[in-house]
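Participant: For 14-226, the entry in TrEMBL reads domain 'Major facilitator superfamily (MFS) profile'. The transmembrane segment feature in TrEMBL is assigned to 53-72, 79-99, 105-124, 145-166, 172-190.
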Amino acid sequence: MTTPLKRSNVRYGILLFLFLATVFNYADRATLSVVAPIMSKELGFDPEAMGLAFSVFGISYVIMQIPGGWLLDKYGSRLVYGCALIGWSIVTMFQGTIYLFASPLIVLVILRLMMGAIEAPAFPANSRLSVQWFPNKERGFVTSVYQAAQYISLGIITPLMTIILHNLSWHYVFYYIGAIGVVLGIFWLVKVRDPSYHPKINQQELDYIREGGGEPELGTKKRSRN
């Protein structure tokens, strides 16, 4: 008698990546809030200038929501999310260099606009990946995990940024947080796949996702698995 194969649990590895990506999504956008008092004093930014730098992020973030969703549908969550994670992390690192420019405020505003635009697909991608990788009965848990990530970022990463700020300088807050995001993005592109193309998922887990209301073939061509 043949023993049935045990169902794999690759989806929980994907959930870990969703969690970490969301943590650094919020950490990267929070860097400016942490360094603002010291950075603005050093560079001579008044409250109006800082208000502009904070607000432009939201403008580009909102504008790029629909284009971001289109990119996800066209190129897939894995590629768009991974590239976005690397992209916004690089932009974060560049914010630490604005003091090198003749007009640091203009450079900061441009970088914040870029960050808002690049981060826009993140939460739509979270939702899309949860549909691809999880059955309906696990979807609430999955959503709660990546929603909680934003508060964990504020509760854990923000104090770490404060330590970096006071022991090194405001530049290093951008450098370190951005660098971690770049590394995470590279791991994302290497490890994350759509369910039908993941090398470690078995047919039992695919069937479990599909029969539970998930859509593992969303945006991908079906293929048979042995």
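Glycine is no exception: its Cβ is also placed from the backbone N, Cα and C atoms.
Just so you know, TrEMBL annotations are computer predictions that nobody has curated.
Would you situate these features in the structure and describe their surroundings?
Facilitator: Mean model confidence of the domain 'Major facilitator superfamily (MFS) profile' (14-226) amounts to 91 (pLDDT, 0 to 100 scale).
Through the fold, the transmembrane segment (105-124) approaches residues 21-22, 25, 28-29, 32, 43, 45, 49, 52-54, 56-65, 67-69, 71-72, 80-81, 84-85, 87-88, 91-92, 94-95, 98 of its own chain, all at least 6 residues removed from its boundaries and within a Cβ separation under 8 Å.
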Participant: Count the CB pairs under 8 A between the transmembrane segment (172-190) and each of 53-72, 79-99, 145-166, then give me the winner.
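Facilitator: That would be 79-99.
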Participant: What parts of the chain pack near the transmembrane segment (79-99), using Cβ distances under 8 Å and only residues at least 6 beyond its ends?
Facilitator: 21, 24-25, 28, 31-32, 42-43, 68, 71-72, 105, 107-108, 111-112, 114-115, 118-119, 121-122, 125, 129, 170-175, 177-182, 184-186, 188-189, 192
